[in-house]
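Down below is the structure, laid out as structure tokens.
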Amino acid sequence: MADSPVELPNRLAILPFRNKVLLPGAIVRIRCTNPSSVKLVEQELWQKEDKGLIGVLPVRDSEATAIGSLLSPVVITLVGVGSDSGGGGSKAVGSAGESSKQHLKNGKEPIQWHTKGVAARALHLSRGVEKPSGRVTYIVVLEGLCRFSVQELNARGPYHFARVSRLDMTKTELEHAEQDADLIALSRQFKATAMELISVLEQKQKTVGRTKVLLDTVPVYRLADIFVASFEISFEEQLSMLDSVDLKVRLSKANELVDRHLQSILVAEKITQKVEGQLSKSQKEFLLRQQMRAIKEELGDNDDEEDDVAALERKMQNAGMPANIWKLAQREMRRLRKMQPQQPGYSSSRAYLELLADLPWQKVSEERELDLRAAKESLDQDHYGLTKVKQRIIEYLAVRKLKPDARGPVLCFVGPPGVGKTSLASSIAKALNRKFLRISLGGVKDEADIRGHRRTYIGSMPGRLIDGLKRVSVSNPVMLLDEIDKTGSDVRGDPASALLEVLDPEQNKAFNDHYLNVPFDLSKVIFVATANKMQPIPPPLLDRMEVIELPGYTPEEKLKIAMKHLIPRVLEQHGLSTANLQIPEAMVKLIIERYTREAGVRNLERNLAALARAAAVKVAEQVKTLRLGKEIQPITTTLLDSRLADGGEVEMEVIPMGHDMSNTYENPSPMTVDEAMLEKVLGPPRFDDTEAADRVASPGVSVGLVWTSVGGEVQFVEATAMVGKGDLHLTGQLGDVIKESAQLALTWVRARAADLNLSPASDINLLESRDIHIHFPAGAVPKDGPSAGVTLVTALVSLFSNRKVRADTAMTGEMTLRGIVLPVGGVKDKVLAAHRYGIKRVILPERNLKDLSEVPSPILSGMEILLVKHIEDVLDHAFEGGCPLKSRSKL
């Protein structure tokens, strides 16, 4: 059982083995590329004819230490792993102490050398071709011989030397240990486990026969190291095996590792057998299915009604596909028939064919004869006001009546929320007797939402247009592209660019969806788009649409809409009627004036719904028992109880009654909304007519008019002066354009300070030793645009002259550096906003006179519109008694 121990010299050259361990009896192949390792191999092995032993010492790799510094002789730290021999702990030995301290000062981590290693001899040595840089690579095949312990480690020259002592037992100690009963039992147990492992591996590998020979010839203490070295175990387990000097401990650990490896092989084999069994089961099912199909064909019992693939093919035949698409569908169907339902591509191929079968290739909605008068009455019934918009729709319908196949324009309704854009598109579908399809584009950033995904992707699906046509099952619906101004773009594409093909009559007759991958005719679809504002829509897309602007409603129009449309709808939605709740016209007017300031009617409808909910609570809490009328007397004794008490039989028959029961029950009086109920349900009034007067009560404040995506709004501008260095401060989340307008306004006021009586002479600096701060309230709302120029000048003149601006006057207009007032947009919305705030005078640029034709006459009759051409005219109208100037120059 014992063999001759190797004679170990006291001093060995040390080869670092990074994150690996060489065990005695194991053979490893090492590729040496590091300069220090190459130098060791050259001097100790390559150049010596009588090659001696070298020491292989495990080195723990550090994340903060590169390979070059790992092998450099700077800091040496010996790390011991606790074992049965007791060689644990970490210690610095040898002459490296001084360099270790110096290296730690430099901030570098020490190299972690293990305290135990293995002496090895070279079985094979080969030298690579020297590279132009002078670098040489050696490949060394080493055999581990015996364990040693490092007593002292020195860095002399390019590599390390160590003074070592032998750890393995001597020949006498081995012969004495072989007589130990415990060791004999461990040896038998290890051999039994190793034999079982060899038996399992014998079924897969042909080279295990040599391993059987090792069990009979190699000593057990060496056999344990050889077996463990052939497994893939962790570095820590390798170190633990290296530190196991005691034979009993070594055999116990080896037995544990061999048994664990055996169990992992058995579990893997069990899983493999299970998978192969499932595959064989699938193959068996396929074979049986093919045999069943052949038997049915022989018996003539192949029922097409039960075959869903055949049903899908019949559905495709009835879909009315064009010839080129039908040819492609047949090819895909033949491919589907060759596939099994378990195959990965079966479900995607079937879903594609079902889409082809469901699409309305030829199916259209039958349009009845267009009656323009009936269409006009329907529009008037569904929508109040909007005269120009309804007239454009009637014109569109008239063209469709004269030329049904005419390619009409794509209408785009632009206006604030709640003005009826979506309901107008629904009315067009109703007038044409077509199905209505709404596609919301708000927040869409992926081009695939329009064009679909390619079928090569997992979870691919068609675009929203093709999917919508599949749902309505007709090829000529009225398709509403809602919120077209709120599409975005990112790395996945630009949906707005994809819509260019959809909305172009010359291209959409062959629209190509990526998922469908065949052309589909969209020319029969009537497209209607909606948007809150035109600015975000790309110009090429906007060019393909006819824009129809829907401005906000006047208070009178809101009142009519509420009485005619909103109140009946709200009552119906809450299960009420006029017998339960009545909202007088005067109360609706108060709601409009005090609780809503909007271009549309959505907040008005919400407030009416709040009143309806309060009334619903009252109605639901009323006593459920009904009071009888005067003509009906209550029954004091139950007839059924008396008959049962006498033991008689009970017969039931229907007795006709001539009495009218319509007025039998008395209804409670309806609830009428008054001011007290308004304040109780809706809270105190949110708006009043005195806001403008309160805001401009001090100099430096002016009232401007701005346009937003939700309609016109009143914007106050505040300016104040303070001690400083002549700087201008702007706040209120302002854009670049409005900041430039503020700088322009200040420049104009400073240049005309003497003419405006703001300073005694023109050479006096108006901003001497003071700063100006201009603020736009509602700081959380972004603001930008040039229309605040005249408002900024008025606020600055009011500040410097210490005169208050008229509270009943609002203004809008862009100004130049020479004081000319330029026209602006959104005039109708701005005038309506001033009317909502109770402002009676509005200053507009003279060149905006043409835009006043869009403002309703009742609004204009109650307001004073002041048209100006120069900024001096603005100041003259903005202040009480005018603004006297020294020289009224007109540029």
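Any Cβ shown, glycine's included, is placed from N, Cα and C.
Some features that TrEMBL has for this protein:
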DOMAIN    12-262  domain 'Lon N-terminal'
REGION    87-110  region 'Disordered'
BINDING   GLY415, PRO416, PRO417, GLY418, VAL419, GLY420, LYS421, THR422  ATP binding site
DOMAIN    696-881  domain 'Lon proteolytic'
ACT_SITE  SER787  active site
ACT_SITE  LYS830  active site
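Local packing around the Cβ, expressed as the count of other Cβ atoms within 10 angstroms, is greatest for LYS830 among the recorded positions LYS421, LYS830.
Mean predicted confidence for the domain 'Lon N-terminal' (12-262): the pLDDT average there is 72.
The ATP site is defined by GLY415, PRO416, PRO417, GLY418, VAL419, GLY420, LYS421, THR422, and by the 8 Å test on Cβ atoms against their centroid, the other residues of the chain that qualify are PHE413, THR530, LEU550, ALA599, GLY600. Put plainly, the recorded positions THR422, SER787 were compared by Cβ crowding within 10 Å, and the winner is SER787.
Between the CA atoms of GLY420 (ATP binding site) and LYS830 (active site) there is a gap of 19 Å, rounded to the nearest whole number. Around the Cβ of PRO416 (ATP binding site), the number of neighbouring Cβ atoms within 10 Å comes to 23. Taking the C-alpha positions, the distance from LYS421 (ATP binding site) to LYS830 (active site) comes to 20 Å. Rounded to the nearest whole angstrom, the C-alpha distance between PRO416 (ATP binding site) and LYS830 (active site) is 13. Geometry remark: VAL419 (ATP binding site) versus LYS830 (active site), CA distance 16 Å. SER787 (active site) and THR422 (ATP binding site) are 30 Å apart (CA-CA, integer value). Counting only residues at least six positions away in the same chain, the Cβ atoms of GLU598, ALA599, GLY600, VAL601, ARG602, ASN603 sit under 8 Å from the Cβ of GLY418 (ATP binding site). Ranking the binding-site residues PRO417, GLY420 by how many Cβ atoms sit within 10 Å of each one's Cβ puts GLY420 at the top. PRO417 (ATP binding site) and LYS830 (active site) have their C-alpha atoms 16 Å apart, to the nearest angstrom. SER787 (active site) is 11 Å away from LYS830 (active site) when you measure Cα to Cα. VAL419 (ATP binding site) is surrounded by 29 other CB atoms, counting those within 10 A of its CB over all protein chains shown.
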